[in-house]
Each structure stands twice: as structure tokens, then as C-alpha cells.
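Before any comments, here is the structure.
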Amino acid sequence: MARTTPLDRYRNVGIMAHIDAGKTTTTERILLYTGRTHRIGEVHDGSATMDWMEQEQERGITITSAATTCFWKGMDGQFEDHRVNIIDTPGHVDFTIEVERSLKVLDSACAVFCAVGGVEPQSETVWRQANKYNVPRIGFVNKMDRSGADFLRVCKQIKTRLGGNPVPMQIAIGAEESFEGVIDLISMKAIFWNEVDQGATYETRDIPIELQGLAKEQYEFMVESAAEANDELMEKYLEESKLSNHDIKKGIRLRAIKSEIIPMFCGSAFKNKGVQAVLDAMIMYMPSPLDVDAITGISDDKDETVVPRKADDNEPFAALAFKIATDPFVGNLTFFRVYSGVLEAGDFVYNSSKGKKERIGRMVQMHSNERDEIKEVRAGDIAAAIGLKDVTTGDTLCDMKEKIILERMEFPEPVIALAVEPKTKADQEKMGIALGKLAAEDPSFRVSTDEESGQTIIAGMGELHLDIIVDRMVREFDVECNVGAPQVSYREAITTMVEHQHKFVKQSGGRGQYGHVYLRIEPQEPGTGYEFVDEIKGGVIPKEYMPAVNKGVQEQMENGVLAGFPLVDIKVTVYDGSYHDVDSNEIAFKIAASKCLSEGVKMANPQLLEPMMAVEVLTPEDYMGDVMGDINRRRGIVSAMEDMPAGKQVKAEVPLAEMFGYSNDLRSITQGRANYSMEFAKYTAAPKNVADEIIEKLNK
């Protein structure tokens with residue numbers, strides 16, 4: 001089969017935003033105008049196409065990133081048919097892992113902002129993630145029909161609060177209830193979408209007199225921004241004091257692809273105004289797979305050579321699995337982005353991350369949760385394979401002969417844990433299967449067993465995250481379970497350097513056990529991790545026992561010394577010891593190292609570390625005092641306060657242990673008018689009285 005759409009007509013775009021900016025509604029309109037849905041789905045009535053899990057439809061939030069393929073020829077049919085692969089990402093901070101995964105495989109993004117709330121707390125988190133992967137983006141200021149809407153104010157906030165460089169490509173005609181349409185600054189015409197056909201058609205008129213001055217001013221700014229793209233455009237602009245429409249588009253595109261500017265658009269997705277122009281902007285200003293740097297990976301040779309993979313059907317096949325989902329009808333779905341080459345159904349691929357061969361049986365292109373079966377995928381495609389057994393998120397799938405590992409994704413450590421137990425014997429087996437599948441889908445969710453109590457412990461990124469996991473066990477896997485109180489994942493660390501030795505000797509008739517080590521145990525900078533150094537001279541401990549010493553140290557680190565929490569950020573140096581020709585073995589050295597570390601750490605002034613959360617609260621000014629008082633009561637430290645259109649924004653660091661049930665408390669002290677976001681910031685030493693209480697409770 002030949003390629004049906006040339007690569008330069010592909011756009012892989014993520015829709016990213018704050019939780020209530022109207023992101024899913026925007027995506028729904030894109031599907032309507034590109035002809036993929038005939039009935040508009042609305043989030044508020046629970047029928048949105050992209051929100052296909054039951055919990056999403058009930059809670060009105062997007063949890064998983066649904067991927068959809070659609071085609072667009074432009075508002076006036078002015079383009080060749082372009083293939084747009086859209087990924088709708090969740091906006092809630094507990095699901096930032098989903099955002100991170102999808103940004104990794106996209107070429108560009110459309111950032112949706114609320115015209116009233118502007119840059120809200122979650123916008124900053126998502127923006128940072130897009131910066132990390134250097135994703136070019138356009139901005140869409142949505143909800144222009146709402147009270148307090150202001151397009152240019154939001155553009156200013158993007159500059160001051162996100163450090164972006166927004167360039168308005170339109171200005172709004174009216175706002176709030178009188179929002180009618182937009183002025184397209186390139187053509188300098190007013191665009192009004194027809195409400196009769198849900199905005200499928202539009203008419204252009206002259207710019208209203210009262211907006212001509214503002215339009216001229218913004219036009220000049222846009223032209224100057226375009227002229228800065230390269231010397232050729234700058235010379236033209238300086239000579240003629242203007243640029244042609246073609247040159248403006250060229251300059252804006254060049255700078256947007258380099259992430260130097262963010263072309264900005266506005267509208268109301270709910271009122272069917274403006275989304276069509278955003279689709280045009282994706283085609284005009286966002287990159288195709290050919291416009292972004294070739295992805296690089298490490299080849300499967302002993303030198304681990306770095307090799308690029310160009311977006312080209314003739315290159316060897318390489319793809320990245322970025323999401324696993326369990327579908328009630330077909331089982332496991334592995335979403336993957338093809339970077340190079342061609343893959344046909346029935347082909348074998350090599351999973352270079354796991355060192356295993358996989359046969360690709362059926363492949364589907366997803367339209368939200370509807371599946372179109374396909375026979376092949378090519379460079380630039382996003383598709384899903386059915387029934388792959390050993391593939392997990394972040395794995396590389398590649399050609400059997402030309403092996404490559406694309407960079408792995410990094411996932412955050414969970415910060416909150418819950419004990420879950422099945423209600424009946426019948427639920428027990430089902431719960432094991434359910435948790436296994438859910439953990440395969442979501443790398444920020446972990447399952448473990450408490451060795452002492454035998455309880456199953458689930459851990460994740462926040463209360464909502466674990467709520468939804470438990471909810472899914474009931475709905476999708478029919479598992480009833482009891483849930484314990486949330487547990488905080490503490491850590492332990494040392495504050496001073498110690499040197500200590502331990503000799504492990506055991507005689508019990510016949511061959512004995514002998515291991516003897518001297519360890520220097522030192523604290524490291526927070527976040528540095530564990531370092532093991534071998535300074536043995538003259539063979540006082542034979543080399544073959546060193547891995548056992550290292551293992552003994554690491555096993556003891558898992559269990560800490562204060563309250564059984566993992567010990568972090570230490571450097572352990574083996575600098576002396578002794579061995580016995582007959583009685584020494586790996587087990588003896590492992591035990592000696594483990595006991596030496598345990599005793600040494602107790603002398604190194606150990607302390608308990610607690611997870612601190614970066615909390616941002618947006619509250620009406622009337623409740624400011626109560627909100628601040630509540631944060632202080634929770635041992636929080638306020639770091640910044642800022643005036644916002646909707647009131648005041650408070651930024652603080654608060655211990656996670658004090659944040660349980662915060663959403664209900666905040667709702668009651670502000671009568672439901674404040675909202676907040678929270679994400680893990682760092683581990684810091686818990687105050688002595690708090691640490692003593694925790695240690696005493698856990699050591700009972």
C-alpha cells in the first residue's frame with residue numbers, strides 16, 4: 001500500500017490546558033468540523049466523544065489521553081487534505097503523567113486557556129512539561145462568551161507568568177455576552193461564524209470602526225514578530241515598512257516551529273466560534289514530522305552508538321509505545337507513535353527495551369474509543385496495536401535487524417499510598433489481575449505487598465488518582481474492595497558522616513560464615529541518590545564479594561532505621577575489611593554489610609523526611625484570610641501571593657500529610673468558590689515533634 005497522505009501534510013498535535021479551560025469541548029468541535037462526528041458531544045451532559053471512560057463522563061474531567069485521527073482542508077478548502085492526529089490530554093495535576101507521555105510523542109501542541117481565569121495553576125505545570133520536550137505550540141483563549149473574558153489580558157499573562165512570547169493573530173469582537181466573532185489580523189477582516197449550522201460556515205465583513213485602532217496596533221506587532229524570523233524578511237520589512245500576507249505567514253511559521261513565539265487565537269468552542277481558525281493555524285504554523293529534528297536513539301552495538309531516525313518510510317521501523325489501555329472489547333491496546341519506516345499487520349517487531357520479539361496482529365486507528373482497523377502504519381502515524389503482551393509505556397518497538405532504543409521516559413515516584421483488601425475470596429484473584437492491568441497502563445501507579453501485614457498497598461500521585469484506580473477496579477473488573485486510610489511515603493536520611501565496621505562470624509559445626517567490612521557512610525545532596533564506592537586495597541576483601549556488599553547495603557536502605565522507610569541520598573564507601581579462605585562467602589558479606597549499615601546509620605544522626613507539596617490556591621479576595629490561616633494550620637509556608645482577575649492566587653509548600661481532605665475543607669471555608677492544584681515538590685526534614693510522633697506510632 002502506498003502512502004495516502006504525504007508526510008509534510010501530517011500534524012501530530014496535543015490539546016493541553018488547565019482542568020476547566022474547555023479543552024475537551026474544543027476537541028469535540030475539531031471532530032465536528034473535520035467531519036468525524038455528526039452530533040456534538042458536550043462535556044456537561046456527559047456525552048463527549050473524547051471522554052470515553054465512565055468516570056470521565058461523570059466527573060466532567062479527562063483522565064486518559066484519547067487519540068484521534070481526522071482530516072482538514074481549511075475553512076475555505078484552501079489547503080490540500082491534511083491528516084491531523086490529535087491527543088486530548090488530562091488537565092488535572094494527578095494525571096500529569098498522561099500529559100508528559102503524550103507530549104513526548106507529539107510534534108506540537110495547542111494550549112487552551114480560559115478567557116476569564118487566564119493562566120491558572122495547572123497551566124504552569126503543563127507549560128513546564130511542554131518546555132521540557134521543546135514542543136512548539138499555538139494558544140487558544142476559549143470561553144470568550146463568559147463574564148470577565150479578556151483575550152489580550154490572557155496574552156499578557158502568558159508573557160509574564162509563563163515566560164512565553166505570545167503573538168495575537170486575531171482580536172475579539174466584543175466579549176462576554178456580546179462576543180460575536182474575531183478580527184483576522186492577516187487579512188484585516190472581521191469573521192462571523194453562522195450559528196444556524198453550528199459554525200460550519202462564516203461570513204467576512206469590514207472591521208467595526210471602534211476596533212480599527214486596536215487592530216492596526218496588533219497588526220503592526222504581528223508583522224514585526226514575523227520579520228524577526230530571518231534576515232531576508234527583516235530586510236524586506238525595513239525597506240518597505242510592510243510584509244505581504246505570504247511573508248507574514250512564513251515568518252510566523254518559522255518562529256513558531258522554533259518555539260520562539262506562540263501564535264494566539266480566541267473564541268468560544270461551546271458557542272462554535274473560533275475553533276475552525278485554530279485548525280487552520282495548526283496547518284499553517286505548526287510543524288509536520290519533517291520540520292522537527294530527527295529522533296535519536298542508541299543502537300544495539302557494544303559502543304552504544306547514537307543514531308538518528310529520520311521521518312521517512314524508507315528508514316528502518318522505529319516506534320515508541322506511549323500508552324497502554326485496557327479496552328473492554330479487545331483487551332490490551334498499546335498506543336504507539338511511528339517515527340520511521342513502515343509496519344504491516346502480521347509483522348514481527350523487536351522490543352529493544354525488553355529484549356523480546358513481538359508479533360503485531362491487529363492494528364487500529366482510534367477515533368476516541370471507536371476503532372478503525374488498519375493494515376499498516378507509516379512514519380508519522382499514531383495508532384494502537386491489540387494484544388501485545390510484554391510492552392509497557394516507554395518501550396521502543398523497532399525493526400528486527402536494525403535495533404535501536406529510543407530514549408526512555410522518566411516517571412515520578414508516587415507520594416501517597418493506600419492499603420486495599422478484597423471484600424470476598426472471589427474478589428481476591430480478580431483484584432490481583434485488575435491491579436496488574438492498571439499498573440501496566442499507568443507507570444506512576446505502583447502495587448506492592450506489605451511484608452509484615454501481607455496487605456496489598458497501592459501508591460500514586462494524589463488522592464484523586466487513587467480514587468479513580470479504586471473506582472475502575474469496581475466498574476471495569478467487578479472487584480469490590482475495602483480501602484484503608486491514606487499513608488504518606490516518608491523517607492529517611494542521615495546528616496553526618498560516620499565510619500563503622502561489622503564482623504559477621506557464625507560457627508555451627510562444619511563450614512562456618514565469615515564476612516568483615518568497614519564502611520564510610522556519608523550524606524549526599526538531596527535528590528542525588530545512592531552511590532557505592534570500592535576503596536579496597538591489597539585484596540583484603542576479594543573482588544567477587546563486592547556485589548554482595550553492595551546488595552547488603554541496598555537491602556538495608558530499603559527498610560531504614562527510624563521507622564522502616566527507605567534511606568535516601570547516601571554515599572557508602574567500603575575501605576577495609578577481612579575474609580576467611582574457607583568460611584567467607586557472598587551471603588556472609590551481604591549480612592555483614594547490611595548490619596554494618598544499620599548500626600552505622602543509627603550513629604549518623606538520622607532524620608525523617610516528609611514529602612512537601614507545591615500548592616496553589618485561587619480564591620476570591622473575601623476568603624483570603626481564612627485560606628491563609630488554614631494553610632498555616634497545616635504547617636504550610638506561603639511563598640507568593642498574586643492578584644488575579646478571579647481574586648488572589650496563593651502559592652505555598654505544605655506537607656502532604658496535612659493535605660488529606662483539603663478539597664472538602666477548602667470548599668467549606670470558601671463556599672465552593674476557590675480551587676487549588678497540588679503537585680509533589682521535594683522531600684524535607686520533618687520537624688522533630690512531628691517525626692517523633694510518626695516514629696512512635698509506627699514502632700508500636
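Cβ coordinates are placed from backbone N, Cα and C, and glycine is handled just like the others.
Features reported for this protein in Swiss-Prot:
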{"type": "DOMAIN", "residues": "8-290", "note": "domain 'tr-type G'"}
{"type": "BINDING", "residues": "17-24, 88-92, 142-145", "note": "GTP binding site"}
Report the mean pLDDT of the predicted model across the domain 'tr-type G' (8-290), rounded to a whole number.
82
Enter the number of other CB atoms within 10 angstroms of the CB of Ala17 (GTP binding site).
29
By the DSSP assignment reduced to helix, strand and coil, which category contains Ala17 (GTP binding site)?
strand
